[in-house]
Every structure is written in structure tokens, then in C-alpha cells.
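Here the structure is laid out as C-alpha cells; the discussion comes afterwards.
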Amino acid sequence: MIERTIDLFFKLLEAVLVALLAGMTVMVFANVILRYVFSSGLDISEELSRFFFVWLIFIGAIVAMRHHAHMGFDLLVTASSPGIRRVLLFISNGLILFVCWLLLNGAWLQSGVTATDRSPVTGLSMIFVFGIVIPSAIGIGIIAIHRMIGAVRGSYDPYAAARSPEAMAEHAV
């Protein structure tokens, strides 16, 4: 039940990403057409497409964290024994958690300033733009904590399948 709810939540996040990307594409394309054909554009589309891009990055970071899609250097981890690998996974996710705390703390301190700032064209409070850092840091932090617990218990090893005989046979040259 919990896993199904989590899967549904991430499907919702992916739908939001699709909507943001589609919105950016439509706004930028429409603005280009308006500028070249009618020598006039929509000021709001330029500003909103930048805001959408910021949200796309930070929401996408949560989804990428779940799917192990962030770039990483894993040569040392994959070459290690399972016990050492668990320690390295715990340490790396601990570092991720620390960076999430830095992001969360910085975004929280900055929120007092950005809440009163208004965007020039739309007049939106800038907290709506930069406030996405807070849920992003929380989401990535929760995933990192979950992985740290899994590393301690021995139930989290994303590299185990890559070292299986079947996987090695698939990649044999």
C-alpha cells in the first residue's frame, strides 16, 4: 500500500514535469512566432518559461534521485566487496543528506527575502519560484535517509544486480 502510494506520487511528479516542459515549449514557441511574424511578443511568456525551468530542475532532481539517474562516479563502489560497498553507500548518501540540509537551511533563510520580492512582469512573489528548493531538498533528503537505512540493514545495494553472473554475461565482449 505504501509503495503504491509512493509510486503514484512519483507518477504525479512526472506528470508535473511533462506539463512544465510542455508549457515552456508552447510559451517559447509562441513568443518566437509572435516576435518574428508580428514584431511583438508576450513578456509574460519569457518570465514564466524561466520560472517553469527552475521548477523543472528541482522537481526533476527528486525524480532523478529515485531512479538513480544523477551522474556519479561508481568505479570504487562497484569494485568493492559488499561490506565495504554498504559503508560507501551510507557515506555517499550521508553527504547527499548534508547537502540537502544546506539547501534547506539556505532556502529557508532566503525565503524571508524572496517572499516580499515580486517578479517584474507577473508580479508573483519570488517565493513561488525559489521556494521549490525546500520541497526538493526534503524529497531528496528523505530518499537519502531511506537509502542510508537500507545500507545499514543490507537491503539497499543498487550495484548488486550489475555484479550478478547474468548481468556480467550480458555485457561480456
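The backbone N, Cα and C atoms fix where each Cβ goes, glycine too.
Residues or ranges marked as transmembrane segment in TrEMBL: 12-36 (among others). With a threshold of 8 Å between CB atoms, the same-chain residues lying at least 6 positions outside the transmembrane segment (12-36) that come near it are 42, 45-46, 48-49, 52-53, 55-56, 59-60, 62-63.
According to TrEMBL, the domain 'Tripartite ATP-independent periplasmic transporters DctQ component' annotation covers 24-153.
Feature annotation from TrEMBL assigns transmembrane segment to 48-66 (among others).
The transmembrane segment annotation in TrEMBL covers 87-104 (among others). Here the transmembrane segment (87-104) has long-range neighbours at 76-77, 80, 133-134, 136-138, 140-141, 144-145, 147-148, 151-152, 156-158, meaning same-chain residues at least 6 beyond its ends whose C-beta is under 8 angstroms from one of its own.
Per TrEMBL, the feature transmembrane segment maps to 124-145 (among others). Long-range contacts of the transmembrane segment (124-145) within the same chain, counting only residues at least 6 positions beyond its ends with a Cβ under 8 Å from a Cβ of the stretch, are 51, 54-55, 58-59, 61-62, 65-66, 93-94, 96-97, 100-101, 103-104, 106-108, 110-111, 114-118.
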